[in-house]
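In what follows, a structure is listed as structure tokens, so that the remarks can point back to it.
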Amino acid sequence: MGQCCTGGGKAVAGDEAEPGTSKAAPPSRGTSSKNGSAKQQPCSPAAKAAATEAAAAASSSKKPAGPIGEVLERPMEEVRTTYSIGKELGRGQFGVTHLCTHKATGEKLACKTIAKRKLANKEDVDDVRREVQIMHHLSGQPNIVDLRGAYEDKHNVHLVMELCAGGELFDRIIARGHYTERAAAALLRAIVGIVHTCHSMGVIHRDLKPENFLLLSKGDDAPLKATDFGLSVFFKEGEVFRDIVGSAYYIAPEVLKRKYGPEADIWSIGVMLYIFLAGVPPFWAESENAIFTAILRGQIDLASEPWPKISSGAKDLVRKMLNINPKERLTAFQVLNHPWIKEDGDAPDVPLDNVVLNRLKQFRAMNQFKKAALRIIAGCLSEEEIKGLKEMFKNIDKDNSGTITLEELKNGLAKQGTKFSDNEIEQLMEAADADGNGIIDYEEFVTATVHMNKMDREEHLYTAFQYFDKDNSGYITKEELEQALKEQGLYDANEIKDVITDADSNNDGRIDYSEFVAMMRKGSGCAEATNPKKKRRDLVL
């Protein structure tokens with residue numbers, strides 16, 4: 001939504017760690033004293049975050065403690081006791097974000113509300129709990145969104161955090177109208193500094209992209225804030241993660257191979273640097289699978305326009321950040337010490353070709369269109385549909401083992417009358433079977449089939465198309481797109497022409513249904529085609 005320091009709904013990221021390692025226990029980087037003793041004991045970031053939460057809960061109210069909440073595992077408390085809730089800022093299937101005001105101070109903040117009924121299993125609950133722990137752990141860092149409080153009542157979990165009124169990172173680039181390598185270096189320096197902080201505190205973000213960096217205000221000197229820690233995890237040095245999470249253009253090759261660590265964040269920032277300098281992603285294709293294939297090849301184009309005009313220092317840094325071998329890739333600290341990125345470094349203060357700025361405008365505009373469409377699709381997924389998938393699993397799992405094989409899945413889906421092709425079922429099994437043992441369990445099945453059977457189905461794409469096609473003419477016109485984006489709070493008059501131009505393959509000045517579907521499926525913004533544990537907070541924009 002680009003207006004508050006929050007990514008919206010809750011993300012799912014389960015079974016990330018290599019067997020035998022701690023899923024949410026980072027390296028012991030801090031100390032704590034026991035009963036005032038001078039003796040220091042190791043304290044992990046997760047433990048410190050939990051302690052911070054407990055302290056916040058203990059000091060937030062003088063009233064008698066309420067019943068313990070099953071999500072945050074501390075006394076439940078009404079968020080409206082402290083904050084007044086204002087206008088809606090964004091909505092999706094799994095939650096809604098409102099403007100809120102602190103009653104005592106008048107401070108304007110953002111309140112993200114997650115409906116507890118949407119937390120379908122223990123993994124979902126653990127993910128919300130971990131997101132809160134990580135945000136508490138990172139609290140106080142100047143360029144990371146500040147979580148002011150986490151509240152739980154009978155029906156919801158509420159996360160109150162800073163309001164970022166300055167828009168997205170792309171907004172700053174585009175608004176200035178001119179752009180230099182030195183400006184790109186300054187942006188990258190801020191971003192890498194944030195990631196260096198996260199890594200030094202034992203946190204991998206796992207979803208770094210321009211949309212997750214917001215400006216605190218509209219001022220020229222407004223600080224950049226990293227947001228959306230819904231996919232983030234605590235890590236220990238040497239720990240290996242296996243979940244495929246992130247956004248398609250920015251996913252590192254080792255993530256696709258299900259064996260990665262903090263180096264994956266550096267790859268994502270390298271992709272961002274490429275986009276800052278060229279205006280397009282380095283790995284571009286007509287479908288997610290083709291994008292992933294290109295990523296795995298790791299061949300980057302530094303010869304086409306505008307690269308001949310880009311400095312050798314910038315190209316050197318791009319190569320070193322997009323090294324396909326994570327062991328040879330630069331660390332955040334090494335990036336910050338590269339000659340091109342330093343404050344008085346080698347990045348020239350010469351305007352980049354206008355084509356770069358125009359490409360950035362078009363790239364951002366299409367993201368906004370897709371955001372609006374995904375929001376409509378999210379509304380198509382009812383709680384009843386999800387419950388139906390749970391019942392489907394029970395019927396397929398005849399021996400009540402809690403797992404099903406590929407053949408059981410094929411037979412069970414056929415008996416259920418669900419129209420999956422063999423290829424879809426095989427993709428489903430491959431994506432969901434994280435440990436490669438040939439079976440999927442209940443939670444994997446539900447999260448995977450929600451995507452395969454709901455998110456990308458024709459009827460939901462058509463529903464989204466109809467939302468934009470206000471007069472039911474079979475076409476989305478410039479005026480209809482303007483109206484729809486205004487309704488979604490994503491409107492920018494300067495971007496509408498770029499959106500139409502990019503999607504309108506037959507150049508008739510409007511978007512028909514086939515062009516709309518092609519646009520939605522071309523280089524989709526999230527890794528759902530391969531990731532059964534879909535990024536739920538992408539649907540709350």
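Using N, Cα and C of the backbone, Cβ positions are placed for all residues, glycine too.
It should be emphasised that the depicted structure is a prediction, and the values quoted were computed from it without experimental measurement.
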Annotated range (Swiss-Prot: region 'Autoinhibitory domain') out of 161-191, 254-284, 347-377: 347-377
Per-residue Cβ crowding (10 Å cut-off), top of binding-site residues T97, S401, T403, S473, N506: T97
Spatial neighbour of T403 (Ca(2+) 1 binding site) that is closest, considering only the binding-site residues L89, D469, D471, E480 and their CA atoms: L89
CB within-chain contacts under 8 A for D504 (Ca(2+) 4 binding site), separation at least 6: R510, I511, E515
Ca(2+) 1 site, defined by D397, D399, S401, T403, E408: further same-chain residues with Cβ within 8 Å of the Cβ centre: I396, K398, N400, G402, I404, T405, I439
Fewest-neighbour residue among binding-site residues, criterion Cβ within 10 Å, set D399, E408, E515: D399
Cα distance (Å, whole number) from Y475 (Ca(2+) 3 binding site) to D508 (Ca(2+) 4 binding site): 10
Secondary-structure category, per DSSP, in which D471 (Ca(2+) 3 binding site) falls: coil
Residues flanking the Ca(2+) 4 site, with Cβ no more than 8 Å from the Cβ centroid of D504, N506, D508, R510, E515 and excluding those residues themselves: Y475, I500, A503, S505, N507, G509, I511, D512
